[in-house]
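Novice: Pasting a structure below so you can have a look.
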Ligand SMILES: Nc1ncnc2c1ncn2[C@@H]1O[C@H](COP(=O)(O)OP(=O)(O)OP(=O)(O)O)[C@@H](O)[C@H]1O
């Protein structure tokens, strides 16, 4: 047993109610609703309530909830179960103007139906696009869902039928009938289960949502509306939109030889307003234009039916329900009997106006809902095993019809043959003969009546089978096409990737080529080195190295080379210094020369003076230079002659210094360098002595010129630096070479020198070599 679901929807206040300063009386949550504190106080003061009442339902939808949300959270499950043969009923209950029709049909759909505009697809599209889910009602959303599920179900075939009728003044009217038949009320009968059924109601086959809209549209036109003050378009009848869903399984149960099928119906019931007549005043216009008696009659019929509905529910929910429940008291209860007694999944949607002024009506709706939710029903699946039989019966009828047609064709053909035969007997026309033959052939190709009966059934089955196979193949084809396009896309992507890989592969090949060349070069180098190394293999101290040792050795050599390189750079800078210093070297030579000539002149003059002094025995003149004492003169003479001899000595030893002043500076520097490389210490000494000589001569000559002394100083410092650097350079070299020798135990300077020049790319390896030997 399953309890009836009861949900509540609270509509927002409309503009008129806002203008009238209507107060919202109710606070709702997910499943509960209660009077808010301010209104509760008021009502307690008015002695309408004693304390707060909390009403609880399956779901409470607030003012913001829309139709689609309501459908998806409550109605959808009823629809889904109907596809499996479980009946369903969705009942809208509430006072007039509380939003029952709004929920059932939707805001814009309602207008659309009244304006003969049936572009439902457009409306649905727009409502989804604009998030206006109140434009369409739960009925359309349900039917949409139904068709959606049917279309994706491959194992079953469905047949959907719709009927639309109303209970007006306790009479049932078929809303889908033509206008002239509308006034004829329908009557009740009972089916084999003793359930009430409406006789002769029209059922329309529907295959799309458009078909459904056509039905509703037709019904809405015929529906009885009347204007009340509470609601401009108040429904004055209970309307029922009934949907019959029959499902046939495609897979027959071999053993039992029947086709499994289910049947279910869903009733969408929009009840008329549940208000009391007293609280439902009729507008003046209506009073003027129509019969007030009619309106009262309508209202009393509505109220009566709703009263009996409430009563039935109350009886059913008693602790011990009475054996007899008076369903027959009203048309509505008769109709709802099956929905309330069992085998129906029933959902009651209560709608309320939240205004304080509508408190009594709302309270009555809430009470109805509270008792309704206690009603239990036994839900079972409606399985119809007879459906296969009726289905087969239908097929048989079709075959019989076909046979009849074929029989007629055969008899027609026979008649033609007979007439042709007669013609043939009358004359021997070949044309007639051929016609006859053709007719006979045609006739032979047609199955006989008896044959037809047997073969046609199997043919039909085969055709169906082939059709389904064809469908399957087509589906497969579509799938394959999809896969193909997908694969094609992937292939394109892969091609692009291959192209990029190809390009990078090309680049890498080029790089590999270059690396190979380098490798070859290095291999050659290492081969050369190995060859040279092999020369030493025979030597007694030769030791074979492990890879680590060789690597270590190589590292040391690299370090040594690095230092050599630095020394080289230093030497280059010395060269540059030499070039810069060249004019300084040439200058003192010239000065020395002039010194020598002036000194020899002085010497001669002193000798002359000496001889004159000797002969005349006179005191020397007072002009300084010539008035020196003899001792001084002698020592000066001695010093000068010493200096001169040193200079000439120096000139003999260093012919380069004798070179004229305009000699090419570069050449000079180079040769100085060469000389320095050969005998650095000797040259340095010479420079020193030269410098000293020059200094002392200048002193002796008493020609203290500042410039000259500065130049001399410069030369001296340069010479010193050159000397020390050259010494240092030699020392470094020797130390390194001896270190390497020590570490390798082999005396093989050639290897180092050659490797150095090869690795540094120095074309002057021979110079280094010779230099090295010189240094050694
Ligand atoms: N949830 C809602 N949001 C906005 N407007 C609503 C809502 N519910 C109802 N309305 C408006 O309230 C008015 C009355 O609604 P509706 O006609 O659906 O009431 P009803 O309960 O069907 O009344 P009756 O029983 O008299 O037919 C309509 O103008 C409708 O647009």
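Glycine is no exception: its Cβ is also placed from the backbone N, Cα and C atoms.
All annotation found in TrEMBL is predicted automatically rather than curated by experts.
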Novice: Tell me which range among 319-353, 354-388, 389-423 TrEMBL lists as coiled coil.
Specialist: 389-423
Novice: Where ligand 1 binds, which of the binding-site residues 95, 96, 97, 100 are close by, with Cβ under 6 Å?
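Specialist: Checked binding-site residues vs ligand 1; flagged 96, 97, 100.
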Novice: Restricting to the same chain and to sequence separations of six or more, state which residues have a Cβ under 8 Å from that of residue 98 (ATP binding site).
Specialist: 11, 273, 351, 352, 353, 361, 365
Novice: Looking at Cβ-Cβ distances, which residues of the chain lie under 8 angstroms from residue 99 (ATP binding site) while being 6 or more apart from it?
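Specialist: The list for residue 99 (ATP binding site) reads 9, 11, 351, 353, given in order along the sequence.
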Novice: Can you check what DSSP calls residue 94 (ATP binding site), collapsed to helix, strand or coil?
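Specialist: Strand, per DSSP.
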Novice: Where's the emptiest Cβ shell within 10 Å among the binding-site residues 94, 97?
Specialist: 97
Novice: Let me know how many other Cβ atoms fall within 10 Å of the Cβ of residue 96 (ATP binding site).
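Specialist: That number is 22.
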